Each structure stands twice: as structure tokens, then as C-alpha cells.
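Following: one structure in C-alpha cells, then a few remarks.
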């Protein structure tokens with residue numbers, strides 16, 4: 001029992017987290033303390049009973065002897081914080097009491113009091129910070145007050161001079177003991193903090209590894225999921241492309257375009273989820289190349305035209321004429337950002353317009369051209385509290401927004417990440433200062449991206465010079481008037497704008513315009529009403545009218561049959577199309593060229609090239625067969641990698657298209673086996689996976705090229721021409 005108690009005293013203050021060095025020091029100090037207390041106790045007991053005059057000194061020694069081991073005893077019981085506070089407060093009390101009671105000189109401990117007070121802050125736990133600071137701050141003035149009191153008053157129990165030195169010694173020893181204890185606590189606390197930091201670092205490292213593993217697992221899952229969804233999408237998009245080149249009337253072609261557009265939208269949703277995963281995993285590549293900016297903008301707007309028309313929205317765009325025609329950058333990612341933001345603008349706007357404004361902001365010190373893309377809408381707007389969160393993942397205004405408008409909430413997040421990957425910045429603003437409707441305040445999304453100039457030299461398309469040509473533009477939409485005025489003025493035309501057909505009829509005689517551009521959908525007196533009223537009047541000047549409509553149901557044939565207008569163009573009008581239409585009008589080509597529809601089953605001269613398609617999906621086999629046939633090639637089909645090996649053993653081929661994911665024997669395994677057999681035929685990988693590293697994986701295993709599903713006709717044709725030329 002005694003041995004166990006002694007062991008507890010010696011090990012007091014040692015924790016499982018203490019290092020071997022600290023444990024050794026603690027045990028030595030505790031052992032010396034126990035030994036010193038034991039010896040001192042025997043001496044003081046002898047003095048207490050033998051010498052009457054030393055009893056006061058003995059009392060003090062006993063009290064001090066009891067207090068010295070107190071923190072260690074409390075530590076052994078687990079009261080670490082309490083032990084520190086109790087010991088320090090008692091020391092503080094004794095150091096003040098000794099001078100007051102016995103007149104001990106107090107100048108030495110004057111410097112330790114602030115340290116004792118500060119130690120209360122560091123070693124009494126993290127609770128009640130105000131109390132700790134208060135104790136620390138009042139410790140100094142209390143001591144100063146006591147010091148002044150001592151100098152002006154006698155001691156309560158004045159001791160003879162010969163004993164005062166002993167009490168002074170006890171006092172000084174207590175001060176030294178306090179300093180030692182504080183050093184010991186500091187050392188313990190530092191060691192504990194170091195161990196805590198190490199432990200937290202280990203936990204963070206483990207959490208990071210787990211997070212990275214979770215991200216990898218998510219990326220793999222999404223890649224596999226996207227492959228499974230892309231396979232049927234390949235059939236849908238491939239079939240619509242083939243249908244689009246067959247003999248169809250105008251309405252059927254529009255329906256095919258809608259199917260193709262819907263398929264592309266679904267594919268974009270799949271890509272949204274996959275892209276976010278790739279960006280988070282750091283596997284998304286920025287592929288820079290030369291591109292024509294105006295073509296990019298018009299292609300994106302064309303894709304969104306039907307969605308805007310379904311909601312009777314004006315979709316308007318303006319591209320700064322001072323911008324270079326061609327740039328060097330990742331046009332695919334720029335298109336993706338624009339599609340996301342324009343799509344959101346259309347989705348959240350019930351009436352009014354969506355305006356895309358592309359302007360040249362500056363040229364930086366590296367010669368890069370900084371372009372600002374702005375997408376303005378007159379939609380529901382964004383609340384201030386959600387404006388700061390709009391670029392976070394899965395963020396929409398609230399649950400009702402998701403239920404009403406749909407979507408994943410990833411569009412703006414992906415846009416922000418893509419903009420930042422290309423070295424740009426993005427911001428959102430709501431309300432839109434150009435919108436006055438408080439119920440639909442609108443919003444503006446603006447992003448800037450720096451581009452290099454095109455590496456190759458591109459000649460600008462031949463523009464049109466309308467010098468001296470008087471043009472009348474009729475539209476009730478102010479933004480449309482502004483854009484058409486800017487465009488025609490850049491072609492040197494004299495432009496007059498009016499906001500209604502009735503106003504135009506009043507001024508047309510005085511203006512005598514050579515060219516009239518008018519909107520079809522205007523309130524009260526629309527474009528058709530204006531054209532009919534114009535036809536009933538006789539003017540002494542020649543003019544041509546071009547009708548602009550965002551209504552896809554407008555019958556161009558009906559307008560032409562009534563000779564009401566020279567042409568009807570769908571809004572938003574491509575600049576090139578408008579320019580060419582004006583040129584034709586000025587050349588007085590009164591009859592539109594009749595496009596001869598080719599037979600749906602023309603005679604095709606097939607290439608002699610022998611091509612093997614390795615594909616397990618029967619729908620994809622049928623689509624591929626028709627797609628190759630439309631390009632003038634006949635193909636043979638193998639249903640898996642093993643079947644391909646057998647066919648290659650039996651015959652020679654000029655080109656092999658190999659799906660990468662198949663049962664029995666996949667594309668990679670089949671390719672490796674073919675290369676082992678010394679087959680030199682070029683092998684083109686086909687895959688629905690688009691993760692970074694897929695292409696390198698295919699090429700490293702013997703494949704020669706790589707196509708992503710769904711395969712576009714133009715990409716396939718270019719691949720065939722490139723590799724068959726080498727055969």
C-alpha cells in the first residue's frame with residue numbers, strides 16, 4: 001500500500017502523451033520533492049518540540065511543506081487545471097501574507113507577481129477568459145498597494161531580527177518554488193501542445209487521404225455512369241445527324257433540329273456532373289487552339305434560340321467590332337460557360353429578353369486580349385443573401401426554384417471553375433440596373449477571360465459597305481434597336497430607328513429608306529400588319545424589306561407568296577446571314593434560289609478501304625454502319641474483342657475502330673493482343689469516357705488515335721481521311 005502511494009506521488013504529473021524525456025525529468029523532480037519534504041518534516045518536528053521560539057517558523061514550514069506537493073497530488077487524481085490554479089493562488093496569497101504578518105522584505109517577489117497573474121491565463125483552461133484576464137491585471141496593483149502598506153505600517157506579528165532572516169528564506173524559497181513550478185507547467189504545456197499538434201496533423205493527413213480516395217471513387221463512379229448514359233445518347237445524336245441529311249421539308253428539318261438540340265442538352269447535363277468531378281479531381285484539361293469569336297457566339301446563341309422562342313423571349317447579342325476576328329484559347333470551354341449562363345438566363349426569365357454583350361476591355365502587359373462577356377436578363381433576379389453563394393455547388397435560390405425551373409444548380413459553379421482555370425474572373429449582379437420591373441429585377445453575369453492572338457493568320461471575311469444607304473429599323477425592343485443600329489452603322493449605313501410600325505408609316509415618305517428591317521412580333525400593329533399596309537401604298541422610291549422574327553412558326557413561304565418581304569430571317573440573326581441577305585437585296589435578286597433536294601437514296605461510290613468496327617452495342621452498330629455509309633465507306637462489324645481477333649486473323653483491314661469497354665475481351669486487351677501478333681493496322685479508340693488520362697491510356701497500349709462518343713460526322717470523316725491516307 002505504501003509502495004503504491006509512493007509510486008503514485010513519484011508518477012504524479014506523468015500523462016500517456018508525455019515523452020520519455022519529460023517523464024524522466026518529472027519523476028526525478030517528484031522524487032527529490034518527496035525526499036526533501038520527508039527530511040524537512042523530521043527537522044521541523046524536532047525543532048517544533050525542542051525549541052519554543054522556532055515554533056512559528058515550524059508552522060510556516062509545515063504549511064509550505066503541505067502546499068508544495070499539492071499540485072502533484074491533484075495531478076495524479078486528474079485535476080490538472082485545478083491543481084495549477086490552487087497552487088498559484090495559494091502561492092500568491094502566501095507571498096502577500098508573509099510581508100503583512102511578519103514584515104518580510106518584499107522587493108524580490110515584486111517581479112514574480114505579474115508572472116503568477118499571467119500564468120492564470122495560460123494554465124487555467126480555456127473557460128472564463130474574462131475572469132483570467134481580470135485576475136492577471138489586478139495582480140500588479142494589488143501587490144503595489146500591499147507594498148505601500150508594508151512601508152507605512154508595522155507587521156502584525158513582528159519577529160525578532162534573528163528569526164526574520166529564516167522567514168525571509170522561506171519566503172524566497174516559496175518564490176523560487178513558484179518559478180520552478182511555472183517552468184515545469186510551461187514545459188508540460190508545451191509538450192502537450194506539440195503532441196496535440198502532431199495528433200491533429202496525423203488526423204488531418206488521414207482525413208485528406210480519405211477525402212482524396214472518396215474523390216477518386218466518385219470520379220470513377222461518374223465516369224462509369226457517364227459511359228452507360230452516353231451509349232444510348234450516341235444512338236440518338238447519330239440518328240438525328242443522319243436524318244438531318246436526308247430528304248426533309250422545312251418543318252421536318254426544324255423538328256430534327258429540336259430532337260438534336262434536346263439530345264445535346266441531355267448530354268450537357270451529363271457533362272455538367274462529369275465536368276465538376278473532373279475539375280475537383282484536377283483532371284480537366286484546357287486545350288487551346290485558334291477559333292473565330294463571332295462564330296462561337298453565334299453558334300451558342302443558335303443553340304439557345306429555340307428555348308428562348310418557346311418562352312417568347314428576345315435573345316439578343318452584340319460583339320464588339322474592334323475585337324480581332326480570331327483568338328487563341330479553349331473555345332469549347334468558353335462555349336460551355338456561355339451555354340450555362342445563357343441557359344440559366346432563359347430558364348429564369350418569364351418575359352422580356354436575354355442580352356449577350358461581348359466587349360474588348362483591355363490588352364495586358366503580356367499582349368493578351370481581355371474580353372468581357374456579359375449576360376443580362378429580365379428574370380426573377382437573385383436575393384442579396386444568395387448572391388454571394390450563387391457560384392457554390394448545387395446552389396439555387398431555394399427548393400421551390402429547383403422544383404419550378406429544374407436543373408442541378410451546377411451551371412454557375414462549373415462556369416466559375418472554368419473561368420478561373422483559364423485565368424479569368426466572374427461576378428454576378430442583381431438587380432439589373434437596366435430593368436425597371438420590381439417583381440422581375442433581373443440579373444447580370446459578367447466574366448472576363450484573357451486570350452492570346454490567333455497563332456495562324458486569318459483573313460477577315462469580305463464585309464459590306466453600305467456607305468450612303470438609308471436604313472429604317474422598326475422594333476419595339478430598345479436593345480434590338482441599339483444592336484441593329486450598331487451593326488448597320490459599322491457597315492457605314494445611315495440608320496433611323498423607330499419603335500412601332502405606325503410610327504414608321506408616318507415618317508417613311510420623308511425618310512425614303514432603301515432598306516427596311518422590321519420586327520415581326522410587335523404589340524397592336526405587328527410586322528405583318530406593317531407589310532400589308534406598306535403594300536397598299538404607292539411610293540416613288542424603291543425599297544426592300546427584311547422581316548426579323550423570333551417566332552419559329554412564322555411561315556416564310558406565306559410571306560414570299562404574298563411578296564410582302566424580300567426575306568424573313570429568324571432572330572437572333574447571324575451577322576453573316578444578315579450581311580449576305582442585304583447584299584442579295586441590293587443586287588435585286590427578287591427570287592430566292594431554289595435549293596434542289598437530292599434523292600434520299602443517291603448512288604454512292606463506296607471507297608475500297610476495308611474497315612472493321614468492333615462494337616458490342618447493336619444500336620451503335622446500326623448507327624455506325626449508316627454513318628460510314630453516308631461518308632462512302634462500308635464496314636464489317638465485330639461484336640467484341642475476341643471476335644475482332646478472329647476476323648483480323650482471317651482477313652486484313654486498312655483501319656480498325658475499337659470500342660474500349662466490351663464484354664469477353666475489351667478494347668485495350670484486344671489491342672495489346674493484336675500488337676503482340678505484329679498487326680500493324682491503325683486502331684482508333686472509341687469510348688464514352690472523357691476523363692483525363694483515357695486518351696493516354698489508349699495510346700500507351702498500342703492504339704493510334706482516339707474518338708469520344710457520341711462521334712460527330714465531321715470528326716469521323718477527318719479521322720478516316722487522315723489515317724486512310726497513310727494506309
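Glycine too: its Cβ is placed from the backbone N, Cα and C atoms.
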Legend entry - Residues flagged as transmembrane segment in TrEMBL, choosing from 56-73, 200-217: 56-73
Legend entry - Of the residue ranges 156-186, 187-217, 218-248, 249-279, the one that TrEMBL records as coiled coil: 187-217
Inset, instruction - List the Cα distance (Å, whole number) between residue 659 (4-aspartylphosphate) and residue 519 (4-aspartylphosphate). - result: 50
Legend entry - Protein Cβ atoms within 10 Å of residue 519 (4-aspartylphosphate), excluding its own: 25
Legend entry - Reported mean pLDDT - the coiled coil (187-217): 77
Legend entry - Number of helical, extended and coil residues in the domain 'Response regulatory' (610-724), per DSSP: 52 helix, 22 strand, 41 coil
Inset, instruction - With DSSP as the yardstick, break the domain 'Response regulatory' (470-586) down into helix, strand and coil residue counts. - result: 51 helix, 25 strand, 41 coil
